[in-house]
């Protein structure tokens, strides 16, 4: 009986102000209910409707939006499309401002592009820009093979000769000014040729080919044959008139 009276006296002393007792009891129940809420995990302060308001040190505050509702979360790392910004009061997750970026290091530097996009110097591209090439089968652009301007077209020639033929080939070239980052990256063509008409068809003092001689002889024979046929026709006509 004395023990019960002593316990009751302690309760009375601790709860002299009834309203203060009620407030303490409400705060304890509130912390207990919020503590079991997964939204409040890692929070220093949390709201039932808005989630985390402040995060524990080393965690990042992320404001998640679902339709018209938004609530705060405390995360160890920021989700895709966001990067972590550490501050004196609280660390926050900020949205990447780089187009087609899935994960970024800072506002203007992407470390992982979305699927189907190439990464180059913190930016994302549909294809590697001029002067760059994909590294093997990855979606990363590296320095490609850079070539200089084309030279003028060379002399028209055939079989190392600049005369004696009607048609030949002329060639132009360009030099590699920067080798690619890896040997597996191909370089553009550095030489190309096209058909051309020779300026000098017959070589001075040279002998014509047998093929040309045969062609010329055939023409002469044809002319001689035509002349002989004409003379024969004239003779026949003369004989008929004399008769």
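Positions of Cβ are set from backbone N, Cα and C atoms, glycine also.
According to Swiss-Prot, the protein carries these features:
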SIGNAL    1-21  signal peptide
DISULFID  40-46  disulfide bond
DISULFID  43-52  disulfide bond
DISULFID  55-74  disulfide bond
DISULFID  78-93  disulfide bond
REPEAT    90-134  repeat 'FU'
DISULFID  96-104  disulfide bond
DISULFID  101-110  disulfide bond
DISULFID  113-124  disulfide bond
DISULFID  128-141  disulfide bond
DOMAIN    144-204  domain 'TSP type-1'
DISULFID  145-187  disulfide bond
DISULFID  156-163  disulfide bond
CARBOHYD  160  N-linked glycosylation site
DISULFID  196-203  disulfide bond
REGION    204-243  region 'Disordered'
COMPBIAS  204-224  compositional bias 'Basic residues'
Report, as a single number, how many Cβ atoms besides its own are within 10 Å of the Cβ of residue 124 (disulfide bond).
20
Work through the disulfide-bonded residues one by one (43, 93, 124) and name whichever has its CA nearest to the CA of residue 74 (disulfide bond).
43
Residue 141 (disulfide bond) has its Cβ surrounded, within 10 angstroms, by a count of other Cβ atoms equal to 21
CA-CA, which of the disulfide-bonded residues 78, 96, 113 lies nearest residue 141 (disulfide bond)?
113
Checking distant contacts: for the repeat 'FU' (90-134), what same-chain residues at least six beyond its ends satisfy Cβ-Cβ under 8 A?
54-55, 58-63, 75, 78-84, 140-146, 180, 185
Over all shown protein chains, what is the count of other CB atoms within 10 A of the CB belonging to residue 55 (disulfide bond)?
22
How big is the gap, in Å, between the Cα of residue 163 (disulfide bond) and that of residue 203 (disulfide bond), rounded to a whole number?
5
Confidence summary for the domain 'TSP type-1' (144-204), mean pLDDT rounded
86
For residue 110 (disulfide bond) and residue 187 (disulfide bond), determine the Cα separation and express it in whole Å.
28
Could you give the Cα-Cα distance between residue 55 (disulfide bond) and residue 43 (disulfide bond), in whole Å?
4
Rounded distance in angstrom between the Cα atoms of residue 46 (disulfide bond) and residue 78 (disulfide bond)
19
Including all protein chains displayed, how many Cβ atoms other than that of residue 52 (disulfide bond) lie within 10 Å of its Cβ?
27
Once the DSSP letters are reduced so that anything not helix or strand counts as coil, what is residue 78 (disulfide bond)?
coil
